[in-house]
Each structure stands twice: as structure tokens, then as C-alpha cells.
């Protein structure tokens, strides 16, 4: 029994540690993968603001268009840039050499970002930039301290400052309690929240395009297993009726 308990603990402990994260407060993204309009807007925002530096190297344009209900004309007009073709993988415009020169690091591919982080993390991250004159691009991030990227949505969100909380220990450093808007951007806070939610929704879809289909098929699988259980139970009763 002890070995069974120990084995169960060893299996579940890594999952619990990953789920706990770093203890930061995350806002709920409240995404809906069934909201096709949100997914379409998120795809548009990602292509316009993110693909300069980030790729979705496991996703093709035509697969995205098929899943999100985007016809070829709209795909070519709104999502394809440069020499990109519908059958191409979604790559970034920037070369790795240029990325190293400008940022000191190659920006990560974002296909699986909501799976190895979480949708709530991505949503909160995009809302957590604040002014910091000590950083190369003048901004920092509450969730990702010393972030190396500029706030590409800053003109839309506006400028935020960090809200500091004094340390409760003598000689301790103040900590960041949150952020506050000090200069309005091109969008209202509500409009920016919706935009960030759409981007998060799209990235969640990109991380697992089959998720909705998997859930749909899963319901039939559970019904089949339930029916199979009933048959197995009736068969068991038939086999054992003479014994009892």
C-alpha cells in the first residue's frame, strides 16, 4: 500500500508543480474556442503585430483558413504578406541573425505557448508591460522581469507605470504590486482587453487545432464505453448465474 501511495505521489507531484507556476497572479482569459469571430480577429492581430518576430512553425496558412472559416480571398488580402503562399508554414519575417543583432536572442516560436505557459498567462502577460527607463526598449513586464522585447501593442494599450508596494522588512526592496494606466492609447481598456483575449484565443487554437474535434469525438467515445460496460455487466451476470 505504501508503495502504491508513493508511486501515485511521484506521478502527480510534477503535474502539481507545473500547475502551480511561479505563484504570480493571473487574470482569467475567459477564452472560447467556439467563437469563430474571435479566432478570426486573433489571427488578424497576430499576423499584423506578431509575425515580424514570432513564428507559428507548426501551422500552415491554408489549415488556419479552413479551420477558422476564412475564404482564400480574405486569406490573401488580410493574412498573407510578402511572398507567402497559402500552403506555407507561418514563419516570422525577421531572420535569426537580425534577431540576435537587435534583441540578443531569437524570439521563440509561439505555436505551443499557451500549452507550456497557459492561456491565462499569455493574456496577463500582454497586459502587464510597464515603463522602465533601465530597459533597452523602455519597458518591463510584471510576469516576465527583464523582458527583452518591446511592447508592440503599446500604442494601442497606452503607457502603464508600476505600482510599488513597500517592503515589510527593514532594508527590504519594494515589490511591484501591479500596474496603472498613465497615458491612454488608441484603444480603450475594454477594447484592448478584447483584443488581447482574441490573440490568446487564437494562440490557444494554434497550440491544439484538433481540440474541439477531440472533445466532440470524446463524447461519442464515452457513450460507447458506457454501452460496452452495460454489455460486459450483462455478460458477466449470464456467465455467473449458474455459480450463484
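Each residue's number is its place along the chain shown, starting with 1.
Just so you know, glycine gets a Cβ as well, placed from its N, Cα and C.
A coil conformation is recorded for residue 50 (heme c binding site) in the three-state DSSP classification, outside any helix or strand. All protein chains included, residue 50 (heme c binding site) registers 19 other Cβ atoms within 10 Å of its own Cβ. Residues annotated as heme c binding site in Swiss-Prot, with sequence analysis given as evidence: 50, 53, 54.
If you look up Swiss-Prot, you'll see 1-19 marked as signal peptide.
According to Swiss-Prot, the transmembrane segment annotation covers 220-240, on the basis of sequence analysis.
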* For the binding-site residues 53, 54, which Cβ has the most other Cβ atoms within 10 Å, all shown protein chains included? -> 54
* Output field, heme c shell: CB within 8 Å of site CB centroid, site 50, 53, 54 dropped -> 46, 49, 51, 52, 55, 92, 107, 110, 152
